[in-house]
Amino acid sequence: MLDLLPSIRPECTSLLAPSKLNLFFSLFILAGILISYLPQHYRIISRGTSEGISPVFLLLGVTSGTCAFANILILSRGVLACCGKGIGGFNCFAASLGVVQVGAQWSCFGVILLLFLIYFPRDVRAAPTTSRFSIPKTQSALTIAILCVVHLVVVAVLTFYFSLLSPPASYPAHSNTVVSPQLTSWANFLGIQSTILASLQYLPQLYTTWTLKHVGSLSIPMMCIQTPGSFVWAISLASREGTRWSSWITFVVTGVLQGVLLVMCIMWELKDRKERKGVGESGNGAAVEDERRPLLASETS
């Protein structure tokens, strides 16, 4: 078989026979990532407000995702380079699924940030004290978006700079011609930074949800899918060629913290349902409705 493919370099031959089980597992995780974010996107759009979502949570989540994506791109550099060395489209697709997974997760979380800005609740003075305390200012929301873009640009520029110090990419498991020590150190730094940001990511959201005393625009179905999925994903990444601990530890940390947030949200949701059953429909929703109108909503109807 390999004799029929003389153009393939020896360091890429291990990618010619991908495990069908691992491929199915990776595709299943990719589908799970894409599907898991749909309830969150839908909930913000259907409610017409992003009330209840912490902007700092989004800042840490997007920047953590940026670092994780850059990390796996660098560490998979040799694997991706084999795609141009005759391994075939199918084998290239199978080998790059880890990168696709992390990129999909980063993109889907970025959509949450976009929806957060589009459906940002207007500042109100007549809202109840507890609700008003939980609503971030418009200025802070825009600042969060700018910081995410600046962070992305800085990571991209530094990654490009360190990549110029590296020799041509080759498969790291079988070749002495690997990425430069500077680029490897940068990738590890990105992985550590991603883990730290992910560890801190859920703290402001836990605080916001606890202060708000209801779920707001957070999606419980999304968290029900993602909490166990984070651990499954970490196992999948750990088993892939070219990845290191810095590529998967982030998802273990986020899985634990998201599980805590999920328990809190379920607790408040059950409490809200119990109160709604006891009190029934009340006529005090006018101020809250005005509070939750989207920031970019048209003023004319």
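Cβ atoms here come from the backbone N, Cα and C positions, even for glycine.
Residues or ranges marked as region 'Disordered' by TrEMBL: 277-301.
Summarising the annotation, TrEMBL assigns transmembrane segment to 23-40 (among others). Residues 94, 97-98, 100-101, 104-105, 108-109, 111-112, 218-219, 221-222, 225-226, 229, 232-233, 236 of the same chain sit 6 or more residues outside the transmembrane segment (23-40) yet have a Cβ under 8 Å from a Cβ within it.
As annotated by TrEMBL, transmembrane segment applies to 52-74 (among others).
Per TrEMBL, the feature transmembrane segment maps to 94-120 (among others).
For 141-163 (among others), the entry in TrEMBL reads transmembrane segment.
Within its own chain, the transmembrane segment (183-203) is flanked in space by residues 57, 60-61, 63-65, 67-68, 70-71, 74-75, 155, 158-159, 162-163, 165-166, 244-247, 249-251, 253-254, 257-258, 260-261, which lie at least six positions past its ends and keep a Cβ under 8 Å from the stretch. As annotated by TrEMBL, transmembrane segment applies to 183-203 (among others).
Positions annotated as transmembrane segment by TrEMBL: 215-236 (among others). Long-range Cβ contacts of the transmembrane segment (215-236) within its own chain (Cβ-Cβ under 8 Å, at least 6 residues beyond either end) map to 22, 25-26, 29, 32-33, 35-40, 42-44, 47, 49-53, 98, 101, 119, 205, 208-209, 248-249, 251-252, 254-255, 258-259, 261-262, 265-266, 268-269, 272.
Per TrEMBL, transmembrane segment is recorded for 248-268 (among others). Outside the transmembrane segment (248-268) by six or more residues, the chain places 64, 68, 191, 194-195, 198-199, 201-203, 205-206, 209-210, 213-215, 218, 220, 223-224, 226-231, 233-235, 237-238 with a CB less than 8 A from a CB of the stretch.
If one looks beyond the transmembrane segment (52-74) by at least 6 residues along the same chain, the residues whose Cβ comes under 8 Å of a Cβ in the stretch are 44, 80, 98-99, 102-103, 105-106, 109-110, 112-113, 116, 134, 136, 140-141, 144, 147-148, 151-152, 155-156, 159, 163, 179, 183-184, 186-188, 190-191, 193-195, 197-198, 200-202, 204-205, 207-209, 212, 214-218, 237, 243, 246-247, 250.
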